[in-house]
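Annotated features in Swiss-Prot:
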type: BINDING; residues: Tyr127, Gln185, Asn208; note: NAD(+) binding site
type: BINDING; residues: Ser234, Gln256, His259, His324, Asp357, Glu411, His416; note: substrate binding site
type: BINDING; residues: Gln256, His259, Asp357, His416; note: Zn(2+) binding site
type: ACT_SITE; residues: Glu323; note: active site, proton acceptor
type: ACT_SITE; residues: His324; note: active site, proton acceptor
Amino acid sequence: MQTLIWKDLTEQEKKQALTRPAISAAGNIKDAVDAIRENVVANGDKALFELSEKFDRVKLNSLEVSEQQIEEAAQRLPEELKQAIQNAKKNIEAFHLAQVPVEADVETQSGVRCQVLTRPINRVGLYIPGGSAPLFSTVLMLAIPAKIAGCKKIVLCSPPPIADAILYAANLCGVETIYQVGGAQAVVAMAFGTETVAKVDKIFGPGNAFVTEAKRQVSQAVNGAAIDMQAGPSEVLVLADENADPDFVASDLLSQAEHGADSQVILVTPSERLALETELAVERQLTTLPRSEIAQKALAHSRIFIAENLQQCVEISNEYAPEHLVVQVQNARDLLSNIDNAGSIFLGAYSPESMGDYASGTNHVLPTYGYTRTSSSLGLADFSKRMTVQELSPQGFKDLAKTVEVMAAAERLDAHKQAVSIRLAKIK
């Protein structure tokens, strides 16, 4: 990790130092996804079977997972892991139930009633990556709010063979239909529908560059599907003072660095001693990690910033706008009112990012790449939509009519004005 003294940097150097590793949909990825999209749209299930054999090296008999497969997966899963998943589910449910909106109903003036109604998105699709580290925790983060929101149809896609923990978590959370389909083809199938895979209105979940590009494409297609967010490489910024435990700080940096070679981790501290001790702790802990090679690649483009004080630390963090922000300082909550840009915040020495990733209750699907300046972590609201209602009594209409007529005339929208004038003339 490169260590930089913040006050010694020029404005241009500061901007450069906070730049994330470049991401782009390379031409070959875009072309490959184009071909997959055209194939799945044209050939439906046939294309999905062929692509599973090509990419996943699995010859499927059925795209849909059977109830028997789900039951057998639950039987194979260790009881300890089942209990852990159930406990995490309880906390995630509690946090997302607290987000159920209170519907607004207000009389803006006498005889003029305005409301906000919330309705679930009817059909949602959840994408869960497979591979060597299947993200069954993401099933909880997506399926639980979908269920609480009241989505009428919840389907899930994951590459075959689907891990037992994913099947167990999906069934536990009430996912009705699970398809053993992965990659860009799964996103396309959910967006447009096939003979077997149900078309959905919105797609949620992370994935590799091909999945990300497929989500981008279907979200821009006229008859495609909306998406939760465009995901970039994962990232964490740790803000720590001289009282922080360097072993704790190092473990938080590494827990993010092990996600991928394109991940980025940042330490911001006013303490040069802590910075040095954290670097040493990182080196020690790296030797114990099975994914140390991946973590080392991420550390190569990561940074340590030495700030003048905690206020400057917060300013640097707000400028970077991290996906995850770990605050390991004395009286960490005192800084909360000054933090403007972060996806999820972890306050205090005993709130590592891992807790939010799995079981504290908050959602781990977060904006990356600086989008926390304008975007929020995934929540219940993402699985629903708002409708506004207005209802005017004859007297309420009459009292407001002049205001609307004047405004419509000023904008030269005569039909708007006339819609009021005609009614006004008929009120006795």
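Backbone N, Cα and C define each Cβ position, glycine as well.
It should be emphasised that the depicted structure is a prediction, and the values quoted were computed from it without experimental measurement.
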Cβ neighbours within the same chain of Ser234 (substrate binding site) - under 8 Å, at least six residues apart: Gln256, His259, Gly260, Ser263, Glu323, His324, Thr368
Spatial separation of Asp357 (substrate binding site) from Tyr127 (NAD(+) binding site) - C-alpha basis, Å: 17
Residue pair Glu411 (substrate binding site), Gln185 (NAD(+) binding site) - Cα distance, angstrom, rounded: 48
Candidate with sparsest Cβ neighbourhood (10 Å radius) among His259, His324, His416, the listed binding-site residues: His416
Local Cβ density at Glu411 (substrate binding site) - other Cβ atoms counted within 10 Å: 9
Assigned element (helix, strand, coil) containing His324 (substrate binding site), judged by DSSP: strand
Cβ neighbour count within 10 Å of Asp357 (substrate binding site): 22
Asn208 (NAD(+) binding site) and Asp357 (substrate binding site), Cα-Cα, nearest whole angstrom: 18
Neighbouring C-beta atoms (10 Å sphere around the C-beta of Glu323 (active site, proton acceptor)): 28
Remaining residues near the recorded NAD(+) site, that is with C-beta within 8 Å of the centroid of the site residues Tyr127, Gln185, Asn208: Pro129, Cys157, Pro159, Gly182, Gly183, Ala184, Ala186, Val187, Gly207, Phe210, Val211, Ala214
Asn208 (NAD(+) binding site): tally of other CB atoms within 10 A of its CB: 15
Secondary-structure category, per DSSP, in which Asn208 (NAD(+) binding site) falls: coil
Gln185 (NAD(+) binding site) CB neighbourhood, other CB atoms within 10 A: 29
Packing count at Gln256 (substrate binding site) (other Cβ atoms within 10 Å of its Cβ): 28
Cβ neighbour count (within 10 Å, all chains shown) around Tyr127 (NAD(+) binding site): 27
